[in-house]
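Student: Would you mind keeping the following structure in view while I ask a few things?
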Amino acid sequence: MIHITLPDGSQRAFPGPVTVAEVAASIGPGLAKAALAGKIGDQLLDTSHRITADCRLSIITDKDDAGLELIRHSTAHLLAYAVKELFPEAQVTIGPVIDNGFYYDFAYQRPFTPDDLVAMEKRMAELAAKDEPVLRRVLPRDAAIAYFKGLGEHYKAEIIAGIPGDEEVSLYREGSFEDLCRGPHVPSTGKLKFFKLMKVAGAYWRGDHRNQMLQRVYGTAWASKEALQQYLTMLEEAEKRDHRKLGRELDLFHIDEHSPGTVFWHPKGWTLWQEVEQYMRRVYRDNGYQEVKGPQILDQGLWEKTGHWDKYRENMFVTESEKRDYALKPMNCPGHIIIFKQGIKSYRDLPLRFGEFGQCHRNEPSGGLHGIMRVRAFTQDDGHIFCTAQQIQSEILAFTALVQKVYRDFGFTDIIYKLATRPEKHIGTEESWDQAEHALAQGLRASGCEFEYLPGEGAFYGPKVEYTLKDALGRQWQCGTIQVDPNMPERLDAEFVGEDGARHRPIMLHRAIVGSLERFIGILLEQHAGALPAWLAPVQLALLNITEAQSDYCREIAAKMQKALSHLGLRLLLDLRNEKITYKIREHSMQKLPYILVAGDKERAAGAVAVRARGHGDLGVMSVDAFIERIADEISTKA
């Protein structure tokens, strides 16, 4: 007898080997129809998998995250099936699952067109409607290589050639199409109903620019028609909020071919950048951080000691001077340790908190660059806390409270907390890992935060907490982090004198709140659809006259406001152009200014202004003093 234990603790007995599908059918016809896969331990299995021993089994459906990932993976194969039917000369390569969908790379003699995508999607729907079974078989490695070479699928043969010779290779067939894959897959193509192909882009084979350029077809797939439509609607809204589009429309920045992956900030954009930086500088000052500044270029020897030269060199910009090799820093941590090492440090100095707005450079592939979100030169709100193991928990508690306040001020209230724990290959004792992971968890619990564990996703030298924002469209952005690191202080020989008079290694906590300022500003623009709150807006209000007769009055009002709000650095635009008032109002409204003030003869006589507030329309006539009070409160409270 084989005993299967289900998630609710109940057991089912079978006289001999049984498939996942048969177990699902024994529970009920509804589950049998909905079953996409099974899960034993951490392993996902096809519904055709034969169970030969007692186990705990979960049936995976499209209600599970794993089920949705399975749908997307299988839809990628369905795309390849359709492409091979439409374009038999195309060669298939790889087709993984990505956030919200999948892609598949093809080698073909000409670029795919938008009409080709329409044809592919139509053929996919036809193949799905046939509800063909998805069947698995296993071949010896060399037989699999010969099989795919015989089909003319040389990329697949190359992939398999990289697998050890004594291993078997699994293949999945649906109809006339068979592909290399570890699996699992949905039991039949009829499970794949709600998908859409999104775009085609270029991608080098194996990500190497020296190899052939392939065509990458992107798609999305969901468990229901409603979920697919909701996602497509979100994409439409995201397109309207695209920070690259807003950067042009609001005259904030641009990216130029003369310096790929770096930002040309325009006056208004640089004002926004400085406002974010100055806010974070006040955060440093008010929370016990000492601001420091390290050099841009550091010697190769230092990067060899930290391990970056071996593991990260391809992503570093390297230069040479007087027969010495240097690299532009991709991160600030080594510089902070060098500063820490100047002079003897005592346990009384700890925790010691350094912060830096350090400009970093990373040689990102050109295909991965994206506006100001993914760049090669960026400024990091980088901080490092030197402390003892016993101080980790209190530092996590303080840092989490700080993260929450900063995100709230910028308009984010939904934060997801994740704790990444030790990977299988790690350094340090199990006791030190237990202590660090416990300190992070207790710090989060003391902050009142619900969090999820990310088993095995910590760095090889220490665990970390990730702080992920959820924006107005429900998208997630991982910005904040705090990482426990006993390794780099060891590598660079950082020490402090303990209470016992002996020398000890400090623990280093790498921490960032907004991360890259450039990326965070991109997130801010998309969160607020360009309509930044008054305290952040590059221009907070425009003051307009109706005719020349009110010009002097507008100048007087502007001077009064600037004087009254000098402590807040009011950013006011005085527009006295001889244009129709409707034209001027429309122009400034398109720039998403928080306030537009208009002064005509009536307002001048009353010593007042007509106020228009973004999102609220005409607020009527208001005294100048009343408006000063209103905007001062809005800026100072970050409303």
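One-based numbering along the chain as shown.
Keep in mind that glycine also has a Cβ here, set from the backbone N, Cα and C atoms.
Since the structure is predicted, the reported quantities are computational estimates derived from the model, not experimental observations.
Features from Swiss-Prot:
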- C333, H384, H510: Zn(2+) binding site (BINDING)
- 1-61: domain 'TGS' (DOMAIN)
- 242-533: region 'Catalytic' (REGION)
Student: At 10 angstroms around each C-beta, which of the binding-site residues C333, H510 has the fewest other C-beta atoms nearby?
Tutor: H510
Student: Tell me the Cβ contacts of H384 (Zn(2+) binding site) under 8 Å, same chain only and six or more apart in sequence, or just say none.
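Tutor: Counting only residues 6 or more apart in sequence, the Cβ neighbours of H384 (Zn(2+) binding site) under 8 Å are N332, C333, H336, I337, R353, F354, M508, L509, H510, R511.
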Student: From the centroid of the CB atoms of C333, H384, H510, the recorded Zn(2+) site, which same-chain residues not already listed sit within 8 A by their CB, in sequence order?
Tutor: M331, N332, H336, I337, D382, G383, Q483, D485, M488, M508, L509, R511
Student: Restricting attention to the region 'Catalytic' (242-533), give the mean pLDDT.
Tutor: 94
